[in-house]
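Take a look at the structure below.
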Amino acid sequence: MTQLDSRTEATTTRAFDQPRAEAAVRELLLAIGEDPDRGGLRDTPARVARAYREIFAGLYTDPDAVLNTMFDEDHDELVLIKEIPLYSTCEHHLVSFHGVAHVGYIPGRDGRVTGLSKIARLVDLYAKRPQVQERLTSQIADALVKRLGPRGVLVVVEAEHLCMAMRGVRKPGAVTTTSAVRGQFKTDAASRAEALDLILRK
């Protein structure tokens, strides 16, 4: 199986190794001093492996296959989808971070747009990988630039990281905000301000 860093896009199909994942979970249980053969834990390696297969499903999906539907709507104004729920996994501690993504773009001169559900699926695809929030935000923006050729893209992600809430500094409720700005939103302050105002407006 080709090993690829999650920062790069897969050019081949990866496969989840269920037996290897189960064996690794069993070893982890032993390492923390547990008995993986006791009743409550006997099926845990298989359950965790199946959960990881779902949680990291974005590793096995091509972003180009998600943004595969375009519509020639001759639309040249902002398209903004707010409050897209996301659940991801911090690659440093393998614990969850969760929150929302706001994704906006201004179609290119050809007026091409994609389906609204495709944007939500794109967020899911990149969230379902071992991640850092900064990279997640940029990957969503760059995928839209690549596939849609828009005049501008703005992505804002707000998330709470359980690695800060349940361990370490233990600051539950702290929210991290990241943004990725491309094209017209980067060069035109008025366009950027309009999009950010709509995002912040409840």
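Any Cβ shown, glycine's included, is placed from N, Cα and C.
As given in Swiss-Prot:
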- Cys90, His93, Cys163: Zn(2+) binding site (BINDING)
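For His93 (Zn(2+) binding site), the same-chain residues lying six or more positions away in sequence with a CB closer than 8 A to its CB are Cys163, Arg167.
Of the chain residues outside the Zn(2+) site list Cys90, His93, Cys163, Thr89, Glu91, His92, Leu94, Val95, Phe97, His161, Leu162, Met164, Arg167 have their Cβ within 8 Å of the site's Cβ mean position. Taking the Cβ of Cys90 (Zn(2+) binding site) as reference, residues of its chain lying under 8 Å away and at least six apart in sequence are, in sequence order, Ser96, Phe97, Pro130, Gln131, Val132, His161, Leu162, Cys163. Just so you know, the Cβ of Cys163 (Zn(2+) binding site) picks up 16 other Cβ atoms within 10 Å once every protein chain is counted.
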